[in-house]
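Let me begin by presenting the structure, written as C-alpha coordinates, before commenting on it.
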Ligand code: ATR
(Lines of atoms letter the chains of each structure in order from A; the text may use other names.)
(Lines give C-alpha, C1' and ligand atoms only; values in the text may rest on other atoms or scores of the structure.)
Protein backbone atom coordinates (compact mmCIF):
# COMPACT_ATOMS: atom_id res chain seq x y z
CA UNK A 1 0.00 0.00 0.00
CA UNK A 2 1.33 3.44 -0.94
CA UNK A 3 0.77 6.13 1.68
CA UNK A 4 -0.20 9.77 1.15
CA UNK A 5 -1.65 12.47 3.41
CA UNK A 6 -2.53 16.12 3.80
CA UNK A 7 -0.83 18.01 6.62
CA UNK A 8 -2.27 21.18 8.15
CA UNK A 9 -3.47 22.74 11.39
CA UNK A 10 -6.44 22.72 11.66
CA UNK A 11 -7.09 19.78 9.33
CA UNK A 12 -10.43 18.18 10.30
CA UNK A 13 -12.27 20.33 7.73
CA UNK A 14 -10.04 19.24 4.83
CA UNK A 15 -11.76 17.84 1.75
CA UNK A 16 -8.48 16.49 0.36
CA UNK A 17 -8.82 12.90 1.70
CA UNK A 18 -12.24 12.58 0.07
CA UNK A 19 -11.06 14.14 -3.21
CA UNK A 20 -7.98 11.90 -3.46
CA UNK A 21 -9.93 8.77 -2.57
CA UNK A 22 -12.37 9.59 -5.37
CA UNK A 23 -9.44 10.17 -7.77
CA UNK A 24 -7.92 6.82 -6.72
CA UNK A 25 -11.17 4.98 -7.39
CA UNK A 26 -11.71 6.79 -10.68
CA UNK A 27 -8.19 5.97 -11.95
CA UNK A 28 -8.00 2.51 -10.31
CA UNK A 29 -4.99 3.33 -8.16
CA UNK A 30 -4.34 1.43 -4.94
CA UNK A 31 -3.31 3.99 -2.35
CA UNK A 32 -4.16 5.35 1.07
CA UNK A 33 -4.68 9.09 1.71
CA UNK A 34 -5.37 10.43 5.20
CA UNK A 35 -5.51 13.77 7.05
CA UNK A 36 -2.69 14.53 9.50
CA UNK A 37 -2.73 17.25 12.13
CA UNK A 38 0.63 19.04 12.04
CA UNK A 39 2.14 20.19 15.30
CA UNK A 40 3.03 23.88 15.29
CA UNK A 41 6.32 23.13 17.10
CA UNK A 42 7.30 19.73 15.72
CA UNK A 43 6.03 19.82 12.15
CA UNK A 44 9.47 19.23 10.56
CA UNK A 45 10.09 16.20 12.75
CA UNK A 46 6.63 14.81 12.02
CA UNK A 47 7.20 15.15 8.29
CA UNK A 48 10.64 13.49 8.44
CA UNK A 49 9.09 10.58 10.36
CA UNK A 50 6.19 10.33 7.89
CA UNK A 51 8.58 9.92 4.96
CA UNK A 52 11.07 7.75 6.91
CA UNK A 53 8.17 5.35 7.52
CA UNK A 54 7.68 4.96 3.77
CA UNK A 55 5.15 7.59 2.65
CA UNK A 56 5.30 8.51 -1.04
CA UNK A 57 3.94 12.05 -0.93
CA UNK A 58 1.69 14.55 0.74
CA UNK A 59 -0.20 17.76 0.40
CA UNK A 60 0.58 20.68 2.67
CA UNK A 61 -1.93 23.28 3.75
CA UNK A 62 -1.98 26.24 6.15
CA UNK A 63 0.09 27.13 8.07
CA UNK A 64 2.90 24.87 6.86
CA UNK A 65 3.40 25.65 3.16
CA UNK A 66 6.56 27.71 3.68
CA UNK A 67 8.04 25.34 6.26
CA UNK A 68 7.48 22.32 4.01
CA UNK A 69 9.10 24.20 1.13
CA UNK A 70 12.16 24.90 3.30
CA UNK A 71 12.43 21.23 4.24
CA UNK A 72 12.44 19.96 0.63
CA UNK A 73 15.72 19.35 -1.18
CA UNK A 74 14.46 19.91 -4.73
CA UNK A 75 11.86 22.42 -5.92
CA UNK A 76 9.81 23.12 -9.05
CA UNK A 77 10.18 26.56 -10.62
CA UNK A 78 6.64 27.52 -9.59
CA UNK A 79 7.29 26.42 -5.98
CA UNK A 80 10.52 28.44 -5.97
CA UNK A 81 8.69 31.59 -7.03
CA UNK A 82 5.88 30.98 -4.55
CA UNK A 83 8.49 30.24 -1.83
CA UNK A 84 5.90 27.75 -0.61
CA UNK A 85 4.62 24.32 -1.61
CA UNK A 86 1.33 22.47 -1.36
CA UNK A 87 2.77 19.16 -2.61
CA UNK A 88 5.73 17.00 -1.59
CA UNK A 89 6.91 13.88 -3.37
CA UNK A 90 9.54 11.38 -2.33
CA UNK A 91 11.83 10.94 -5.34
CA UNK A 92 13.41 7.61 -6.29
CA UNK A 93 16.78 8.97 -5.06
CA UNK A 94 15.18 9.47 -1.63
CA UNK A 95 15.11 13.27 -1.86
CA UNK A 96 12.00 15.34 -1.11
CA UNK A 97 10.65 17.30 -4.09
CA UNK A 98 8.43 20.34 -3.52
CA UNK A 99 5.87 21.53 -6.04
CA UNK A 100 3.11 24.13 -5.89
CA UNK A 101 -0.01 23.14 -7.84
CA UNK A 102 -2.23 25.99 -6.58
CA UNK A 103 -1.61 28.25 -9.59
CA UNK A 104 -1.98 25.54 -12.22
CA UNK A 105 -5.08 24.41 -10.30
CA UNK A 106 -6.53 27.90 -10.66
CA UNK A 107 -5.69 28.04 -14.38
CA UNK A 108 -7.22 24.57 -14.90
CA UNK A 109 -10.42 25.64 -13.15
CA UNK A 110 -10.57 28.83 -15.22
CA UNK A 111 -10.32 26.59 -18.31
CA UNK A 112 -13.29 24.55 -17.01
CA UNK A 113 -15.24 27.80 -16.74
CA UNK A 114 -14.09 28.99 -20.18
CA UNK A 115 -12.71 32.14 -18.57
CA UNK A 116 -9.11 32.10 -19.73
CA UNK A 117 -7.73 33.17 -23.09
CA UNK A 118 -4.31 34.70 -23.80
CA UNK A 119 -3.82 38.45 -23.27
CA UNK A 120 -6.73 39.01 -20.91
CA UNK A 121 -6.55 41.76 -18.32
CA UNK A 122 -6.92 40.28 -14.86
CA UNK A 123 -7.33 42.22 -11.64
CA UNK A 124 -6.08 40.32 -8.59
CA UNK A 125 -7.16 41.54 -5.15
CA UNK A 126 -4.59 40.78 -2.43
CA UNK A 127 -0.83 40.30 -2.43
CA UNK A 128 -0.23 37.67 0.26
CA UNK A 129 0.78 34.02 0.11
CA UNK A 130 -2.32 32.97 -1.86
CA UNK A 131 -1.45 35.44 -4.64
CA UNK A 132 2.24 34.53 -4.69
CA UNK A 133 1.27 30.89 -5.19
CA UNK A 134 -0.67 31.54 -8.41
CA UNK A 135 1.20 34.32 -10.23
CA UNK A 136 3.65 32.25 -12.30
CA UNK A 137 1.04 29.94 -13.90
CA UNK A 138 -1.21 32.96 -14.64
CA UNK A 139 1.66 34.84 -16.27
CA UNK A 140 2.66 31.70 -18.20
CA UNK A 141 -0.95 31.63 -19.47
CA UNK A 142 -0.17 35.13 -20.84
CA UNK A 143 -2.48 37.02 -18.53
CA UNK A 144 -1.84 40.74 -18.05
CA UNK A 145 -2.11 41.33 -14.35
CA UNK A 146 -3.06 44.33 -12.24
CA UNK A 147 -2.26 43.50 -8.62
CA UNK A 148 -4.22 45.55 -6.07
CA UNK A 149 -3.48 45.45 -2.38
CA UNK A 150 -4.47 47.44 0.72
CA UNK A 151 -0.75 47.69 1.51
CA UNK A 152 0.71 48.95 -1.78
CA UNK A 153 4.34 48.06 -0.90
CA UNK A 154 3.49 44.35 -0.71
CA UNK A 155 1.90 44.40 -4.15
CA UNK A 156 4.86 46.38 -5.51
CA UNK A 157 7.31 43.82 -4.14
CA UNK A 158 5.44 40.96 -5.79
CA UNK A 159 5.09 42.84 -9.08
CA UNK A 160 8.86 43.50 -9.11
CA UNK A 161 9.60 39.85 -8.43
CA UNK A 162 7.30 38.55 -11.18
CA UNK A 163 8.00 41.20 -13.88
CA UNK A 164 10.54 38.98 -15.66
CA UNK A 165 7.73 36.48 -16.35
CA UNK A 166 5.14 38.73 -17.94
CA UNK A 167 3.00 41.84 -17.63
CA UNK A 168 2.20 42.80 -14.06
CA UNK A 169 1.69 46.12 -12.30
CA UNK A 170 0.91 47.00 -8.68
CA UNK A 171 -1.74 49.45 -7.50
CA UNK A 172 -3.28 50.40 -4.18
CA UNK A 173 -6.69 48.86 -3.46
CA UNK A 174 -8.26 52.34 -3.45
CA UNK A 175 -6.59 53.41 -6.71
CA UNK A 176 -7.50 50.60 -9.13
CA UNK A 177 -7.55 51.89 -12.72
CA UNK A 178 -11.20 52.03 -13.84
CA UNK A 179 -11.59 49.77 -16.85
CA UNK A 180 -13.30 46.55 -17.90
CA UNK A 181 -11.35 43.60 -16.52
CA UNK A 182 -11.84 40.23 -18.18
CA UNK A 183 -11.56 38.65 -14.78
CA UNK A 184 -11.32 39.79 -11.15
CA UNK A 185 -9.81 37.27 -8.73
CA UNK A 186 -10.21 37.69 -4.99
CA UNK A 187 -7.07 36.40 -3.26
CA UNK A 188 -7.41 38.37 -0.03
CA UNK A 189 -8.04 36.56 3.23
CA UNK A 190 -10.78 39.04 4.19
CA UNK A 191 -13.54 36.45 3.59
CA UNK A 192 -12.15 34.21 6.34
CA UNK A 193 -13.39 36.75 8.87
CA UNK A 194 -16.66 37.25 7.01
CA UNK A 195 -15.58 40.46 5.23
CA UNK A 196 -14.96 41.61 1.70
CA UNK A 197 -11.90 43.71 0.92
CA UNK A 198 -13.02 47.31 0.45
CA UNK A 199 -12.89 47.47 -3.34
CA UNK A 200 -14.66 49.96 -5.56
CA UNK A 201 -17.98 48.35 -6.54
CA UNK A 202 -18.11 50.29 -9.81
CA UNK A 203 -14.94 48.49 -10.94
CA UNK A 204 -16.34 45.08 -10.05
CA UNK A 205 -19.61 45.93 -11.83
CA UNK A 206 -17.70 46.30 -15.11
CA UNK A 207 -15.94 42.95 -14.79
CA UNK A 208 -16.72 40.16 -17.26
CA UNK A 209 -16.25 37.51 -14.55
CA UNK A 210 -15.33 37.31 -10.85
CA UNK A 211 -13.59 34.42 -9.12
CA UNK A 212 -13.04 33.92 -5.39
CA UNK A 213 -10.11 31.67 -4.49
CA UNK A 214 -11.98 30.80 -1.30
CA UNK A 215 -15.13 28.72 -1.11
CA UNK A 216 -17.92 28.31 1.40
CA UNK A 217 -19.82 25.14 2.15
CA UNK A 218 -23.46 25.42 1.17
CA UNK A 219 -23.52 29.14 0.36
CA UNK A 220 -21.74 32.13 -1.11
CA UNK A 221 -18.47 33.55 0.14
CA UNK A 222 -18.71 37.22 1.20
CA UNK A 223 -16.95 38.23 -2.05
CA UNK A 224 -19.30 36.20 -4.26
CA UNK A 225 -22.31 37.57 -2.35
CA UNK A 226 -21.00 41.11 -2.91
CA UNK A 227 -20.47 40.47 -6.65
CA UNK A 228 -24.01 39.09 -6.95
CA UNK A 229 -25.39 42.12 -5.12
CA UNK A 230 -23.79 44.25 -7.85
CA UNK A 231 -25.73 42.28 -10.45
CA UNK A 232 -22.86 40.10 -11.67
CA UNK A 233 -23.79 36.63 -12.91
CA UNK A 234 -20.44 35.28 -14.05
CA UNK A 235 -19.15 34.38 -10.59
CA UNK A 236 -17.39 31.33 -9.19
CA UNK A 237 -15.92 30.36 -5.86
CA UNK A 238 -12.66 28.43 -5.52
CA UNK A 239 -13.99 24.92 -4.97
CA UNK A 240 -13.03 23.92 -8.51
CA UNK A 241 -9.51 25.23 -7.87
CA UNK A 242 -9.30 23.02 -4.78
CA UNK A 243 -10.22 19.93 -6.79
CA UNK A 244 -7.97 20.91 -9.70
CA UNK A 245 -4.88 21.58 -7.56
CA UNK A 246 -5.47 18.14 -6.01
CA UNK A 247 -5.65 16.59 -9.48
CA UNK A 248 -2.25 18.08 -10.40
CA UNK A 249 -0.73 16.74 -7.14
CA UNK A 250 -2.23 13.32 -7.87
CA UNK A 251 -0.72 13.44 -11.36
CA UNK A 252 2.71 14.27 -9.96
CA UNK A 253 2.59 11.29 -7.59
CA UNK A 254 0.83 8.67 -9.70
CA UNK A 255 1.55 9.68 -13.31
CA UNK A 256 -2.20 9.68 -14.08
CA UNK A 257 -4.34 12.81 -14.48
CA UNK A 258 -7.81 12.30 -12.98
CA UNK A 259 -10.93 13.70 -14.63
CA UNK A 260 -11.23 16.54 -12.10
CA UNK A 261 -14.43 17.97 -13.61
CA UNK A 262 -16.35 14.73 -12.95
CA UNK A 263 -15.20 14.68 -9.31
CA UNK A 264 -15.87 18.42 -8.94
CA UNK A 265 -19.45 18.01 -10.20
CA UNK A 266 -20.03 15.00 -7.95
CA UNK A 267 -18.81 16.85 -4.84
CA UNK A 268 -20.50 20.15 -5.71
CA UNK A 269 -23.88 18.39 -5.68
CA UNK A 270 -23.24 17.22 -2.11
CA UNK A 271 -22.25 20.72 -1.01
CA UNK A 272 -25.36 22.47 -2.27
P1 LIG B 1 -2.86 34.36 2.42
O2 LIG B 1 -1.82 33.30 2.59
O3 LIG B 1 -4.28 33.88 2.60
O4 LIG B 1 -2.69 35.14 1.16
P5 LIG B 1 -1.64 36.53 3.82
O6 LIG B 1 -0.31 36.19 3.24
O7 LIG B 1 -1.71 36.91 5.28
O8 LIG B 1 -2.65 35.35 3.66
O9 LIG B 1 -2.27 37.70 2.93
C10 LIG B 1 -3.56 38.17 3.16
C11 LIG B 1 -3.95 39.13 2.03
O12 LIG B 1 -5.30 39.54 2.21
C13 LIG B 1 -3.12 40.41 2.00
O14 LIG B 1 -3.03 40.85 0.67
C15 LIG B 1 -3.97 41.35 2.84
O16 LIG B 1 -3.76 42.72 2.58
P17 LIG B 1 -2.53 43.50 3.33
O18 LIG B 1 -1.28 43.02 2.66
O19 LIG B 1 -2.81 44.93 3.08
O20 LIG B 1 -2.63 43.12 4.77
C21 LIG B 1 -5.35 40.96 2.37
N22 LIG B 1 -6.42 41.30 3.31
C23 LIG B 1 -6.76 40.65 4.44
N24 LIG B 1 -7.83 41.23 5.02
C25 LIG B 1 -8.19 42.27 4.23
C26 LIG B 1 -9.22 43.25 4.26
N27 LIG B 1 -10.12 43.28 5.25
N28 LIG B 1 -9.28 44.16 3.27
C29 LIG B 1 -8.37 44.15 2.26
N30 LIG B 1 -7.37 43.26 2.16
C31 LIG B 1 -7.29 42.32 3.13
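Using the three backbone atoms N, Cα and C, a Cβ is placed for every residue, glycine included.
Just so you know, TrEMBL annotations are computer predictions that nobody has curated.
The shikimate site recorded in TrEMBL includes 14, 15, 16, 61, 86, 102, 245, and the single candidate from 215, 226 that the record places there is 215. Under 8 Å from some Cβ of the domain 'SDH C-terminal' (238-267) lie the Cβ atoms of residues 4, 15-16, 18-20, 22-23, 26-27, 29, 31, 56-57, 59, 86-87, 89, 99, 101-102, 104-106, 108-109, 112-113, 211-215, all in the same chain and six or more residues away from its ends. Largest CA to CA distance in the NADP(+) binding set (77, 126, 127, 128, 129, 130, 149, 150, 151, 152, 153, 154, 213, 238): 28 Å, whole number. Using Cα positions, the member of the binding-site residues 127, 129, 151, 153 nearest to residue 86 (shikimate binding site) is identified as 129. Counting only the Cα atoms, the space from residue 65 (active site, proton acceptor) to residue 129 (NADP(+) binding site) is about 9 angstrom. Each of the recorded positions 15, 65 was scored by the other Cβ atoms within 10 Å of its Cβ; the lowest score goes to 15.
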